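In TrEMBL this protein carries:
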COMPBIAS  335-359  compositional bias 'Acidic residues'
COMPBIAS  360-386  compositional bias 'Low complexity'
REGION    330-392  region 'Disordered'
TRANSMEM  12-43  transmembrane segment
TRANSMEM  63-84  transmembrane segment
TRANSMEM  105-125  transmembrane segment
TRANSMEM  131-155  transmembrane segment
TRANSMEM  188-212  transmembrane segment
TRANSMEM  218-245  transmembrane segment
TRANSMEM  257-276  transmembrane segment
TRANSMEM  291-319  transmembrane segment
Amino acid sequence: MHLARRRRNVVAGLLALFALCAAYVLWEVIGTVFFAITVAYVLVPARNRLVARGFSRRVASALVTTGAFAVVLFVLGAFGFLLYQRRQSAFTLIESLPDELSLEVAGMVYAVELSTVVGAVTATLRGVATGLAATLPVVLLKLMLFAILLFGLLLRPGATGDAFRRVVPDAYHDVLIALNERIRQTLYGIYVLQAATAFGTALVALVVFYALGYEAVFTLAIVAGFLQFIPVLGPSVLIALLALVDLVGPTPDPTRAALVVVVGGVLIGAVPDAVIRPRLASWAADLPTSLYFIGFVGGVLTVGAIGFIAGPLVVALVVETVELLANDTGSASEADADDVGPSVEDDTDAPPEADDPPDTGDSPSESADGGSSPSDSDSSGRDQSGTDPTGD
């Protein structure tokens, strides 16, 4: 038993070592690998439903992988195409802003310089457009890697979990189950809940922007949907930018600026959250918005675009670990209290032995008998523990 456990620990150590080596060698595609793993986490139930309906494992995995690849390709392609088509309009709109904005507050006039900000934003947008065109072949290779890896993960979804369960002792399997459930709920909250809310936001924004007379309403609606993935801020950034352009742009329209702030702020910023999130909230992890925002911002600033998934996921695992530690501490405290309680009660309720009359004739034999019983039980316990095949 000791040899088998030692062998298992050595193999687990080799696995961790080779995993670190693989992460170092494959660092350029580690984001794609992480993205595929998280997507597979969410799509396993869909694959299992297809298998339950009579499809083979390969066919079910291929169908789900094809659907996921098509969705990712459509979203990225549509978003990139729209931005490319509207790039000149965006540059013209940004460059039309005045170099200086005057604000009057309490009788005092304040001048806000916009020329530096406009120049920086324009240069950033041009750099992003040029960079995307240069990295297009790399993006296509990463999409192909994503599809292949996703198919492999869906083909045998339980292989990794079985390996972890074999390595981890049985006493800690409940920890694995709790962490796995937290990961599943968090990923559902990011992908399913956020995606559904973003889709609803795009539909509402399409109607609102069309009613207010904006041009390129389809592009604005898609941008509003993507901004829904940013916690706390969300589409309010786009609404504030549109209101600013309506106020200080080449054709000022204060009425539309007020309408987009009031109507857009309510219908685009609040209604999708109020209608869609409560219906799907049971699928998502119970993670406060403030912690989600910290994870989102920290993840994006640390590891890039993939951080919008990795950041909240790491924060959720930290929260779950704290809850597990708190539960274990509470259980240990209750167990200690239970151990102390009966001993005090036994001491207070036990009859005093000093009142019994001393019996000098029988006490040695009783003492001998009383002393032999524990030793017998101890020796019996040692024999049993020595011959127990399941002992360490």
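Cβ coordinates are placed from backbone N, Cα and C, and glycine is handled just like the others.
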(message) Can the transmembrane segment (257-276) be said to touch the transmembrane segment (63-84) if we require at least 3 CB pairs below 8 Å and skip pairs under 6 apart in sequence?
(response) no
(message) Quick check for me: are there 3+ Cβ pairs below 8 Å between the transmembrane segment (188-212) and the transmembrane segment (12-43), leaving out pairs under 6 residues apart?
(response) yes
(message) Which sequence-distant residues neighbour the transmembrane segment (218-245)? Criterion: at least 6 residues beyond either end, Cβ under 8 Å.
(response) 78-79, 82-83, 85-86, 93, 97, 194, 197-199, 201-203, 205-206, 209, 257-258, 260-261, 264-265, 268-269, 272, 289, 292-293, 296, 308
